[in-house]
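Take a look at this one; I'll ask things after.
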Amino acid sequence: MHLENQPVERQPSNLRVRSEGTGGVIRQKSKQEKLVLLKQDIAIAFILSGCFFFSYLDRSSLGNARIMGLQADLGLTDAQFMNCLMMFFVGYMVFELPAALSLRIFQPPHVYGIAIALFGVFACCLSVSRTYAAVMVLRLLIGIGEAVVQTGFVYLSLWYLKDELATRYAVFYFSAPLAGGINGILAYGIDKNLNNVSGKAAWEWLFLIEGVCSVFWGVIVFFILPRLPERVAEKGSLLFRREEEQAIILQRTIEARNDPDAKFQAFQIWWALKDPKTWLDAVVVAAPCLDVAAFGNFLPTFVNQFGFSKLNAQLFTLIPYSVAMLTLPLFSLASDRARKKAIPTLLCLTVSVIGFVILLCDVQRSVLIVGCCLVAAGSYPAIVLAASWLLVNHAGYTKRSTAWAVAQIFIQCYSIISTQVYIHPPRFIMGHAVLLALNALGVVAGLLKYYIMKRENARRDRLAQQVIGEALESKEEEKSIEQLCDYHPDFRYSF
């Protein structure tokens, strides 16, 4: 099937959106489309990967700075330090939905580029902060800036088909465990070689170096990242100059259940909020995100409490992150190849549950490291898989953005919980127990969501057969995705 030889309709009012996962035909991509896909990967997935890298580098640096002396130098109590961690997630939670909707107003390269440069500046400011209030405010501002980066999940759903999403999410989310590992190496090197150089403490150098790098990357993103697919299809871009490529881009975004002329629709917010899938999705996605947030803030502390020195603890954090960098692409690629979302997601969450069970046991420190590895091995791919499972099952740009924003609110609330429950060293029993329970709840929510969607697909199949058998015409089928969202009679949920 050669898309470049087909007429491209701007208005997908009668677009058939039946899920390929429920019996549809898997079409073969032409050479031209494969070239467009490769260019998209270079211009979008890898650029966003850099955005996520610097986002996670800056957000987790406070955990590394803690054992480099920040808490002692600023005279912060444990409760004050936990509040500094918490403020980041407050900023995140407040700004997530406006950030997603802003992509339709100001265009992605401008939104992402400015946001990344700003949170880089705020990270630099942490290097000269000397009061509890200053750290609190700066962490809030960094959280607001980084909330924009999380909308990369929504942005990618405009460019890629549902059986391509998990792999592309893995490409840019791969930078999260990579950033965690790099942070450990960077903190180790700075603590060993730059402490008190030019009168600056090691933690000050950490914030300054990472902040400057983020600002530099923000400038690159501002000028290189493509705009929305319909804008590129209409006016072209640096990589997409040929009319055939632009036509393919437009056809692909329509095939991915997007309306090129989508605008903010207030009714879709209400539809998302009354949809039980929205809340179940939020519980499923928030569980692995909670694990990653807790590890980003506390993994160096965990490893230090296992009995390793503060300096060696920075290096031993590399082990769980290295495992995550293996499981993330493997599970994501397998999910897209097998065209499955539910089973891989639930499997990854179960692996994390096993990891927390081990961390709750009184065992040797080498076994505790294994527990950390299992949590990382399950949680990082689970985020990608759960996010793709959420986004492909909510149609309508505003509804999808709202469902994602609700999930982000859950994620940040969970993450705030993580900053308040890891307060009893050395084994942190309460913290591990709470995360174990919330991961188990994620498994239950995933199973319930699977049951609801499977039942709804069966109901729509029966209605479709009835319409065909009685030669009836459905006016609902003539409406667009933006009008009916995933309640369109031809829409089928993906598992």
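Heads up, the Cβ atoms here are built off N, Cα and C, so glycines get one too.
What TrEMBL records for 36-57, 80-99, 111-130, 136-158, 170-190, 202-225, 279-299, 311-331, 343-360, 366-392, 404-423, 429-452 is transmembrane segment.
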What residues elsewhere in the chain lie close to the transmembrane segment (366-392), defined as a C-beta under 8 angstroms and at least 6 residues from its ends?
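Tertiary neighbours of the transmembrane segment (366-392) are 153-154, 157, 162, 165-166, 169-170, 173, 176-177, 257, 281, 284-285, 287-289, 291-292, 295, 299, 302-303, 306, 316, 319-321, 323-324, 326-328, 330-332, 335, 341-342, 344-345, 348-359, 400, 403-404, 407, 446, 494.
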Establish whether the number of Cβ pairs under 8 Å between the transmembrane segment (404-423) and the transmembrane segment (311-331) reaches at least three, counting only pairs separated by 6 or more residues.
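Checked: the transmembrane segment (404-423) vs the transmembrane segment (311-331), no contact.
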At a Cβ cut-off of 8 Å, and with pairs 6 or more apart in sequence only, do we get at least 3 pairs between the transmembrane segment (170-190) and the transmembrane segment (311-331), yes or no?
yes
When you scan the chain for residues with a C-beta under 8 Å from the transmembrane segment (111-130), skipping those not six or more beyond its ends, what do you find?
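Result: 48, 51, 54-55, 58, 61-62, 74, 99, 102-103, 138-139, 141-142, 144-146, 148-149, 151-152, 200, 203-208, 210-223, 225.
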Quick one: find which recorded stretch in 36-57, 80-99, 136-158, 202-225, 429-452 has the most Cβ pairs under 8 Å with the transmembrane segment (279-299).
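Result: 429-452.
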Same chain only, please: residues at least 6 beyond the ends of the transmembrane segment (202-225) with a C-beta under 8 Å from a C-beta of the stretch. Say none if there are none.
43-44, 47-48, 50-51, 54, 57-58, 61, 64-65, 68-70, 73, 108-110, 112-128, 186-187, 190-191, 194-196, 238
What residues elsewhere in the chain lie close to the transmembrane segment (429-452), defined as a C-beta under 8 angstroms and at least 6 residues from its ends?
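Same-chain contacts beyond the ends: 276-277, 280-281, 283-284, 286-288, 290-291, 294, 298, 342, 345-346, 349-350, 352-353, 356-357, 359-360, 386, 414, 417-418, 421-423, 495.
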